[in-house]
């Protein structure tokens, strides 16, 4: 009766071209939600690194923890929807939580909120961290909670005679997922690359998170608008809970009957026969066979999800907006391209060659492709490392000499293990001891006219800190013969592809240096300018001194550091290259993205297809939960391996992950070799037939007993015409 009422209630939604009008609201909702999620995730690691100022390891750890939570919460969402609230209310409530989380992320990225001194850097980073972590937790709860509900809710809108339309709906639904992902990974990084702010202009993470937040609100509104058209099935209980209860009872019952006096049973799940139906037990056995094969699978996701963390932080020569706006879209584009190519071309060709390319073999090849992708990433990292300068370790110091006379500078930094270095000038009798700072790079300025006043300069990342210290350090210079500028060194390439430049004045008069982007101010004789960051491209500097003026132009690449020395006249600028620009092009990363995506198509798509073909019809949700669990575990493995390994070189970490996946792949191939493919429908049919036969036997015996009872009733009490007792 409930099913009849349910079918009637589906008629509330009008049909358009044979499809319920309600599904169009669901499709738009899914597109907006996926745009919101993938758009936020596309710039998340960059937000951790460049806004919150976390190092690579912490940014990677928090990123993978967030992704793991996103794949753990679907189990909770499915249980809540099926056992308590129903799909519709679950989607509504968790979408509100989701939208609040996205808004919290957008607010956390507004640097002006705590930028009291208006220097472009938040003064209270605790506020921003707390807001962002709260937002990410709410997003993980929301996106994971609605993940198993939306597609199933869409499927509920179709009647039994609309099987073809339902199949088309799921295809369009999957297309919307990839379409939302593709557009968001193009648009969101471009939004981040814009400069915005109330008082100071910084990279616009607030806009990059704000647009996904707005799309999530739109998603929620669209879904609510279609409320009157939806078929809303009541909660019928969750099959995952039934499975867990059956397994728990079986283990408990087996433990109670662990003595030798109790006969053994063919399978440990058979100990649940006292309470649960044999068909349910047989279905759970089939599912457990597939779940057993899932054990090695998290290692694939360990590698796959690093394309959003470690690969993002890989630093070839790049325009940051091109990096995230173009290259990150390779994955969804390749998915949309490779899936039909694999199904229509590659797999049929393999079959024509007479090869039995089973689903488990495809998954094995997919794992090997993912391992190959990390080998490719390691090779790219080796090429990147060749272009990186050798920075001092925590126990070393580096010193470069800059002679403001005839020979401007040494070719390289000298590395010292001691904190004191004795420097002498051949043309004079002056010898002095220079104090160096461990773990820092410094430059010793030697005046053209040698006297007792030398200037020791330490490069700094923080321009404002340098400005604050400059007055005090100049007082030190007046009272002493040496100036030790104790600030943070530039012991890494400039961030986000910027270039670090500064000017040193070798003239006897003041020099003013400016450009359309940066004003270096007035540089005193034998003085230096503040360290400033400029973007790539051609920049023209204007130099003026004593009524004379000239322009100096230079083309800048990405990630370099230069010192421009002004000798005895403005026209002759000496360029000293402290850090070479990046020379490895971002396009070298394309092979690793191609390999990882090809691996995803062969592993993920085939894995889901195989899992569904090997599971009973009412156990699809259990397998979906198990599959999502492998993704979550894989992201936790990233944290564990990276923390335990502590490899100093990034390429070595890539090789380690590739090696681990190859080892796991060998184990999986052995497990797959001994796996026997089954047809769950045939097994279920046999059980149902057996049950029907048993019920027929019971019915025949019941009828015989009923006839005997009727005869006895007549012989003892006479014949009653109405026969109500016999019918009863």
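Note: Cβ is positioned from N, Cα and C throughout, glycine not excepted.
Quick look at what TrEMBL annotates:
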{"type": "COMPBIAS", "residues": "688-706", "note": "compositional bias 'Basic and acidic residues'"}
{"type": "COMPBIAS", "residues": "713-728", "note": "compositional bias 'Basic and acidic residues'"}
{"type": "REGION", "residues": "688-728", "note": "region 'Disordered'"}
{"type": "TRANSMEM", "residues": "60-79", "note": "transmembrane segment"}
{"type": "TRANSMEM", "residues": "91-113", "note": "transmembrane segment"}
{"type": "TRANSMEM", "residues": "125-146", "note": "transmembrane segment"}
{"type": "TRANSMEM", "residues": "167-187", "note": "transmembrane segment"}
{"type": "TRANSMEM", "residues": "207-231", "note": "transmembrane segment"}
{"type": "TRANSMEM", "residues": "286-304", "note": "transmembrane segment"}
{"type": "TRANSMEM", "residues": "327-350", "note": "transmembrane segment"}
{"type": "TRANSMEM", "residues": "362-382", "note": "transmembrane segment"}
{"type": "TRANSMEM", "residues": "590-610", "note": "transmembrane segment"}
{"type": "TRANSMEM", "residues": "622-642", "note": "transmembrane segment"}
{"type": "TRANSMEM", "residues": "654-678", "note": "transmembrane segment"}
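Under 8 Å from some Cβ of the transmembrane segment (590-610) lie the Cβ atoms of residues 290, 297, 300, 303-304, 307, 311, 327, 330-331, 334-335, 338-339, 342, 359-360, 362-363, 365-370, 372-374, 376-377, 380, 627, all in the same chain and six or more residues away from its ends.
In this chain, the transmembrane segment (125-146) touches the transmembrane segment (60-79); three or more CB pairs sit within less than 8 A of each other, excluding pairs fewer than 6 residues apart. A contact links the transmembrane segment (362-382) to the transmembrane segment (286-304), because at least 3 Cβ pairs that are 6 or more residues apart lie under 8 A. For the transmembrane segment (207-231), the residues of the chain that approach it from at least six positions outside its boundaries are 6, 9-10, 12-14, 20-22, 24-26, 28-30, 32-33, 35-37, 39-40, 43, 47, 88, 91-92, 95-96, 98-99, 102-103, 105-106, 108-109, 153, 156-157, 184, 187-189, 191-192, 194, 196, judged by C-beta separation under 8 angstroms.
Between the transmembrane segment (286-304) and the transmembrane segment (125-146) there are fewer than 3 Cβ pairs closer than 8 Å, counting only pairs 6 or more residues apart in sequence, which means the two stretches are not in contact.
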